[in-house]
Amino acid sequence: MGSSSSSYTPKTIYLDVDGKVQKVVFSQHCSPCDIKELLCSSSNIPNTAIKMVDPEGALVSIDPTMPTNSPLSKEDMFQNVLSQVAEQFSAFRINELKTEVTNRIAMLEKRVEVEGLKVVEIEKCKNELKKLRDEMTSRGGGVNCPCKYNFSDDGKKVTPRRDVPSYPKYTLSQETIEALKKPTFDVWHWEHNEMLSCLEYMYHDLGLVKEFNMNPITLKRWLLAVQENYRNNPFHNFRHCFCVSQMMYGMIHLCNLQEKLTLTDMGILMTAAVCHDLDHPGYNNYQINARTELAVRYNDISPLENHHCAVAFQILSLPECNIFANVDPEAFKQIRKAIIALILATDMARHGEILEAFKQKVDNFDFTNEEHVTCLKMLLIKCCDISNEVRPTEVAEPWVDCLLEEYFMQSDREKSEGLPVAPFMDRDKVTKPTAQIGFIKFVLIPMFETVMKLFPQIEELMVQPLRDSRDHYEELKQIDDAMTEAQKKKTENMSLGGKKN
């Protein structure tokens, strides 16, 4: 209603409609005709039936034939009252306001709908970009430090590319639990979520969760972050990570390392195995020859292995993924140093150096000697990293195809860039038998036989399968050679026959 500063005093009209008095207040925005129509239509009676009472209580009638006590004429009185009360309230503005509010709501709803579509489009675009990046990686693109992390010079911590999702908890059968402890375990039958559950079980089973006072949820998050940062390469992928970790778990049981090493040592072995190839780009010695950013960053010294270490500790630097958060800082320094040493030991350029160092210690090995134990751990992770031929042929052979696919991708790129090509990676020179025979004879068997001197129990389950694999590929090579020779003679005969004709 009007304030005290208004020039108009609020007025009220009391209507006597068929004996009932009703109170009506109007504002300045109403015209007399509008009010008259409103009164008549709202009362559903003709104009002549309306009676009004003025502020002094005198009866006022709109009907000209009705008598009145007002000194003013009926029309003047009506006009005077309407002109004053019409200043305060407009019943007809309600519809205008309602229309305006409705229009604004409709506009906001449209805007929300558009913004929602934008979010959907953004997510769709993100997914398409991720697919494109993975496709480029698989075709050999992005070798110049193609890391999923942004290593900034200021040393700031980074976070994984996306929020870490959850994975379902699988209850492992007793059969699976027993199979996990053996080198014969078939890694091809498991989905990623199942492999994650198996890795989680290994940490619990070995007592590592209790030893390092790990939060079980943190262990889950860490494993998920690790899986996220393995690329979809033909060979160096998360399944390879699981292979190496499972073989390490199997060797811990087979060699009774729980009785010979500390729980800290086993935690170092398992964690190094899980992280040993993080963010591998699918290219090996290409880095140094091509002078990639990784090679420049690490001065040509094990660039890939140094990168794997860096990514591993970038993940562990995240509070939600730090499985060693409850370890004493000084103890963590030693754990970090040991994990780095093991991951760097997987560089095949150091194979001869590490094997020779162990050979010098194995005859008088001392489990209480820290240097001896470190040397053993380095050789163990090397064994696990290249242990596929230890597994049954039906499990091992698909890995050869995966590795050759990566090798050929690399050699094709090296040829296109005019870089040196390793003979064992050249698709024009190498076959599956030739690729494996030399590797098994001169790398795998000598290394595992050296470990066998300390742990004789591995001969049946690990060394003998290697010998059988060597024999298998030598037979294949003989068949290939015979077929090649037959084809050669056939070609020569056809050539001689053509000349005679």
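Here the Cβ of each residue, glycine as well, is placed from N, Cα and C on the backbone.
According to TrEMBL, the active site, proton donor annotation covers His236. Using a 10 Å radius centred on the Cβ of His236 (active site, proton donor) and all shown protein chains, the other Cβ atoms total 25.
All protein chains considered, the CB of Phe238 (AMP binding site) has 21 other CB atoms within 10 Å. According to TrEMBL, the feature AMP binding site maps to His236, Asn237, Phe238, Arg239, His240, Asp277, Asp385, Gln436.
Per TrEMBL, Zn(2+) 1 binding site is recorded for His240, His276, Asp277, Asp385. With a cut-off of 8 Å between CB atoms and residues at least 6 apart in sequence, the same chain places Val244, His276, Thr346 near Asp385 (AMP binding site), listed in sequence order.
Long-range Cβ contacts of Asp277 (AMP binding site) within its own chain (separation 6+, distance under 8 Å): Tyr230, His236, His240, Cys241, Val244, His308, Thr346. As annotated by TrEMBL, Zn(2+) 2 binding site applies to Asp277.
The domain 'PDEase' annotation in TrEMBL covers 160-480.
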(message) Neighbour count, 10 Å Cβ-Cβ cut-off, for His240 (AMP binding site): what number do you get?
(response) 22
(request) Could you tell me which of these binding-site residues, Asn237, Gln436, has the greatest number of Cβ atoms within 10 Å of its own Cβ? (result) Gln436
(message) Is it possible to get the count of other C-beta atoms within 10 angstroms of the C-beta of Arg239 (AMP binding site)?
(response) 17
